[in-house]
Amino acid sequence: MAQEKKLQVLNALDAAKTQWYHFTAIVVTGMGFFTDAYDLFCISLVTKLLGRIYYYAPGSPDPGALPANVAAAVNGVAFCGTLSGQLFFGWLGDKLGRKRVYGLTLLLMVVSSLASGLSFGPAADAVMATLCFFRFWLGFGIGGDYPLSATIMSEYANKRTRGSFIAAVFAMQGFGILCGGVVTLAVSAAFDARFPAPAYHDDPARSTVPQADYVWRIILMFGAVPALLTYYWRTKMPETARYTALVARNSKLAAADMSKVLNVDIITAAADVKEEEDNNNNNNKPRDCRAGFGLFSKEFARRHGRQLVGTAVCWFALDVAFYSQNLFQKDIFSAINWIPKARTMSATEEVFRIARAQALIALCGTVPGYWFTVAFIDVIGRFAIQLAGFFMMTVFMLGLAIPYRHWTTPGNHVGFVVMYAFTFFFANFGPNATTFVVPAEIFPARLRSTCHGISAAAGKAGAIVGSFGFLYAAQGIGVRNSLFALAGCNLLGLLFTFLVPEAKGKSLEELSGEHEDDEHEHQPEEDTSKTVPV
């Protein structure tokens, strides 16, 4: 009886019609991802400028550039923080509840974004070290946003449109990448107009004006703005009903919380479960509020081990390719001569051209891909989208790598950019979205945030490999062979997709097996008091 009463709350959420609060939740949780993407990817827009400002060598025929180890650290240190934050906040979200730690991640992002723009030091290496320190903690806050936002949205949503809602949260990442390009365009254009400078080959010393040091600081600090705008609304979000009902075991509070924000028929459920709560209070038998198997148990390995391996490896393989493409597209565009040689531009003009290229790729490939996933994920399913996405990414990567010399010849740059944009399109209308969605659906509520954090951390391990490895690989084996390696990563993700179940149209409890667990837990114990020993 108690089990049926608790299920009334969960079934009411699964059957709820799409309402205004669902869209409010998408915006509030999605703005975190908007900020995440802005903060993670805006650094790639200003690394060339950092090299010109802090590593200028008088008499050199080319502008200053970050040393390979410094460039790798500046680009990759935020991912190290993100990986740590995903594991820590994923675990904390299951331990303390989603709501209690949700605002903390946003505050950490705000403080670290501002501090990154205030990185100072007596020498170039000191400035870079300070910047890396604050970007690590920025990444730590960003990391917490992954498991918490995905889990919160999955537990708020109804089962009919759950995939679209979670994908819409993640799709805000595309707007964050686009916003990074737009903000950089605006700031660099404004400084170029106010403080014009000659090209480097005309006057190396004057090609980087002193005021250019403000450009990268303003761009990095702007990341605090969207996070600040949504902090208040995050603090007002109630705890998810599934966490309250299934983990905290308080169905009455779960029904009451959801009644405040969703127009669903759970008033009856709230009244019914009062009896359940009263019975629990009068029951002298102690109650385990975190009953069930743990993460490191044999039972978890039997039920969900294969799934966790699948979600983690797919996310790892995807992020090796995805972040390599995003962070180093400026180097690829320079290699194919789409962006002019650095010596032919001033510092702020180079920033403008890099931002314009990235914004164009985001507008034509990245953003549409995200929203195609939102539109079709609950129609054709997660599995098909992920499988097709990995396959098409492999095809387009090979299409770039095999005839690479053709793409680098004059007149063929447009074709390369189109092909490159298609790899982004199928990454986002594919595994970049589904690897975020699925781990928030298939694991038990008491371990959902933790398992999503583990899967996401595997992804960020891939991003670290991509950000550090691609930099050295491009210098060592060349861009062409690096593209072959990325195609191999996509093929690996395609193979491991077969370990991940389809979640379309099923409730979270069906997917995780929690219905069966609760039914078993509430079965009456066998009466052995009258057994006569033989």
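Cβ coordinates come from backbone N, Cα and C, glycine included.
Some features that TrEMBL has for this protein:
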TRANSMEM  20-46  transmembrane segment
DOMAIN    25-505  domain 'Major facilitator superfamily (MFS) profile'
TRANSMEM  66-89  transmembrane segment
TRANSMEM  101-120  transmembrane segment
TRANSMEM  126-144  transmembrane segment
TRANSMEM  165-191  transmembrane segment
TRANSMEM  214-233  transmembrane segment
TRANSMEM  359-377  transmembrane segment
TRANSMEM  383-402  transmembrane segment
TRANSMEM  414-433  transmembrane segment
TRANSMEM  453-474  transmembrane segment
TRANSMEM  481-500  transmembrane segment
REGION    509-534  region 'Disordered'
Same-chain residues at least 6 beyond the ends of the transmembrane segment (20-46) whose Cβ lies under 8 Å from its Cβ atoms: 74-75, 78-79, 82, 105-106, 109, 113, 135, 138-139, 142, 145-146, 149, 152-153, 156-157, 161, 165, 168-177, 179-181, 183-184, 215-216, 219-220, 222-223, 226-227, 229-230, 233-234, 237, 261-262, 326-330, 351, 354-355, 358
Long-range environment of the transmembrane segment (359-377) - Cβ separation under 8 angstroms, sequence gap at least 6: 163-164, 167-168, 170-171, 173-175, 177-178, 181-182, 185, 329, 385, 417, 420-430, 432-434, 437, 504
Integer mean pLDDT for the domain 'Major facilitator superfamily (MFS) profile' (25-505): 87
Closest-packing stretch to the transmembrane segment (214-233), where packing means Cβ pairs under 8 Å, from 101-120, 126-144, 414-433: 101-120
For the transmembrane segment (126-144): best-contacting stretch of 101-120, 383-402, 414-433, by Cβ pairs under 8 Å: 101-120
Non-local residues, at least 6 beyond the ends, that sit with Cβ under 8 Å of the transmembrane segment (383-402): 314, 317-318, 321, 373, 376-377, 416, 419-420, 422-423, 426-427, 429-435, 438, 480-481, 483-484, 486-487, 490-491, 493-494, 497, 500-502
Tertiary contacts of the transmembrane segment (481-500), as residues 6+ beyond its ends and Cβ separation under 8 Å: 306-307, 309-311, 313-314, 317-318, 320-321, 324-325, 382-383, 386-387, 390-391, 393-394, 397-398, 400-401, 404, 431, 438, 442, 462, 470, 473-474
